[in-house]
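Q: Next up is a structure, given as structure tokens.
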Amino acid sequence: MAGVGPMTQDWEPVVIRKKAPNSAAKRDEKTVNAARRSGAEIESVRKFNAATNKAASSSTSLNTKRLDDDTENLAHERVPTELKKAIMQARGEKKLTQSQLAQLINEKPQVIQEYESGKAIPNQQILSKLERALGAKLRGKK
């Protein structure tokens, strides 16, 4: 209830102090040296595995073992030999270079080179473009 009764002032002094030192300040070199000079008891403890990254390296050994045990052979499907030969033969009959054929189907010359060398992963869209441009059937039964 503000305003009820006589108002008095509080004349007690207010003392503002610094905060107590935190744990980082207690470990500060200056503080430790001052404590040694005063004869205080100092305990130093070294942390187990300090400054090492053993936790990260131990988990990789489990993954490595799992990878070693894995016998499944994973590989992408590549262009079969018959398809490579069919593309080269049809391109030769049309008297086109790899870059000309690539320009006809709106692809990079590198794509045609990969298909003819057998390094490409077969893409049905590109194969249909090649069939249209070369006028030859490249997929399915001949």
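Glycine too: its Cβ is placed from the backbone N, Cα and C atoms.
Keep in mind the model is a prediction, meaning the values are calculated, not measured.
Copying in the features that TrEMBL gives for the protein in this structure:
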| type | residues | note |
| --- | --- | --- |
| REGION | 1-38 | region 'Disordered' |
| REGION | 51-77 | region 'Disordered' |
| COMPBIAS | 51-64 | compositional bias 'Low complexity' |
| COMPBIAS | 65-77 | compositional bias 'Basic and acidic residues' |
| DOMAIN | 87-141 | domain 'HTH cro/C1-type' |
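Could you place these features in context, so I can see how deep they sit and what lies close by?
A: Summarised by DSSP class, the composition of the compositional bias 'Basic and acidic residues' (65-77) is 5 helix, 0 strand, 8 coil.
Under DSSP, residues within the domain 'HTH cro/C1-type' (87-141) fall into helix, strand and coil as 34 helix, 0 strand, 21 coil.
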Q: Summarise the model confidence on the domain 'HTH cro/C1-type' (87-141) as a single mean pLDDT, whole number.
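A: Summarising the domain 'HTH cro/C1-type' (87-141) by its mean pLDDT gives 92.
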